[in-house]
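Dropping a structure here in structure tokens format, bear with me for questions.
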Amino acid sequence: MAVVVKLSGRIFEDEELVLKYAEAIKSYGVKIAVVTGGGELARRYISAAKRGGASNTFQDLIGIYASRLNALLLISLLGDAYPKVPTNIEEFLEAWRSHRVVVAGGFQPGQSTATVAALVAEAAGASVLLNAANIDAVYSDDPRKNPKAERLPHLKYDEFERIVRSSSLPGGYELMDVWSISILRRNCITVYIFDGRRPEHIGAILRGENPGTKITC
């Protein structure tokens, strides 16, 4: 079984958490690809570039290189992972044929790492994408502002897309965007969104549990 894990860039702001994810990924006997976000490193550099008048394309490139640096860090911790960070889908496929864990960051300007994760899942023939996010599940509204917001353990893609489009969930773009949803839906790939602070949830999901939100066709 092929599995893709999308790691929020925020995870890389905590050294201990990154180490725990490396151990979690090494411990599971499935074929895994990982896509990393840029996190605080990307935000800080992009902010400086924006103040200096850099174009949106150049700002995107900075974010891409930050995500690739996070990917390289994870590769260094995994030991036997593919040693290079693929920079496009062709390079990913070449790396994937090595039968080792492959870790990617961003691919091109104007494209989120959520979309990269969806493209990687499609190319790898993965049946599942695990999204280690900055929230523990998908909610009907922002639970930090609305204590009556409903936690949604199961969603269909159409329902999830409506939530993302409504922007009722802060960070929705980080969870997924409409491009990534479109790619995942056309391949009927099951998505789990779970608390990125809990690397042990990877094992729980692979055992058939649902610690967050499960999204299906």
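Just so it is clear, glycine is given a Cβ too, placed from its N, Cα and C backbone atoms.
Sharing the record's features from Swiss-Prot:
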type: BINDING; residues: K6, L7, S8, G9, R10, G39, R43, N134, Y139, D142; note: ATP binding site
type: BINDING; residues: G38, D60, F107, Q108, P109, G110, Q111, S112, T113; note: UMP binding site
Taking the centroid of the Cβ atoms of G38, D60, F107, Q108, P109, G110, Q111, S112, T113 (UMP site), which other same-chain residues have Cβ within 8 Å of it?
G63, I64, G106, T115, V116
Y139 (ATP binding site): which of the binding-site residues G38, F107, P109 is the nearest Cα neighbour?
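Checking each of G38, F107, P109 against Y139 (ATP binding site), the shortest Cα distance is to G38.
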Which of the binding-site residues K6, R10, R43 has its Cα closest in space to the Cα of P109 (UMP binding site)?
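Of the binding-site residues K6, R10, R43, R43 has its Cα closest to that of P109 (UMP binding site).
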Helix, strand or coil: which one is G38 (UMP binding site) in, per DSSP?
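In three-state terms, G38 (UMP binding site) counts as coil.
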Using Cα-Cα distances with a 10 Å cut-off, which of the binding-site residues K6, S8, R10 are near G38 (UMP binding site)?
S8, R10
Within a 10 Å radius of its Cβ, which of these binding-site residues (G38, P109) has the fewest neighbouring Cβ atoms?
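Per-residue Cβ counts within 10 Å for the binding-site residues G38, P109 bottom out at P109.
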Looking only at DSSP and grouping its letters into three states, which state does P109 (UMP binding site) belong to?
coil
